[in-house]
Amino acid sequence: KVYVEARLQQGAAGARQAKEAARELLSRAAAPPATPAASPAEEAAQRKAEAEEAAQRKAEKEKKAADKAKSRAAAPAAQNFFVSYKQNDTNDGATMLMYAQLKEMGHVVWLDKISNDKSTEAMVKGVTECTTFLAVLSTQYFTSWYCSLEMHTAIRLKKPIHVLFNNAKVTVQTALGWIPQDLKKLMDNELLPVHEDIQVMEPALKRIITTAAKPYSGALPDKLGAYTAKQAAAEEGGGGGGES
């Protein structure tokens, strides 16, 4: 009996050893073959290729930085624009697109719809601080008390004035007809178009930004459209020619 048990234990141990040996063989078979060591020449070539790749990445990075700096240097200096227009008079789409595009270019833009303070004080302050006054003409522009006050302020302060028209809606000849007889000096500057299509607006904005506008050269009228100079400019109301 003792002999039989001893033989059984030997058999079990042999089976375990055989199983472990088989597992080891399978593991070796599944392992990838060892990569042969690179020769000194191959190592040198690899180092050279890595150095060239790093140098190329550095050169590309430096070129991008130089191109960006060149683009910034070539871009027109940031300006401060005041946009004057009559709301709900066919120009809202073009005016809002112009505002968004000018802001994206880095310019400061005062627009009544965006301003938190729509009082006449804020409006006059905006005209006072602007470098260029942008008047987007429409049929009711000069019937608006606020638009007329804005234009009067720009003329009084001798601000450079660009007179604009929405050529998605009207021709330049129609826009010229909206200018009152006693303000014909506004035509000393070329009327520039704006548009509701971004593809057309981009070259239009380039002209607005790069074309030098002259201040109004005529006499300041006592009455300008709906605004009379004797009226109190500090009277509270909506700015930007909004709803009046």
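From the backbone N, Cα and C atoms, a Cβ is placed for every residue, glycine too.
Sequence annotations record features per position, and here TrEMBL assigns compositional bias 'Low complexity' to 27-43. Feature annotation from TrEMBL assigns compositional bias 'Basic and acidic residues' to 44-70. If you look up TrEMBL, you'll see 81-165 marked as domain 'TIR'. Summarising the annotation, TrEMBL assigns region 'Disordered' to 27-72.
Summed and averaged per residue, pLDDT over the domain 'TIR' (81-165) gives 92.
Sequence-distant contacts of the compositional bias 'Basic and acidic residues' (44-70) (same chain, six or more residues past either end, CB-CB distance under 8 Å): 38. DSSP labels the residues of the compositional bias 'Basic and acidic residues' (44-70) in these numbers: 27 helix, 0 strand, 0 coil.
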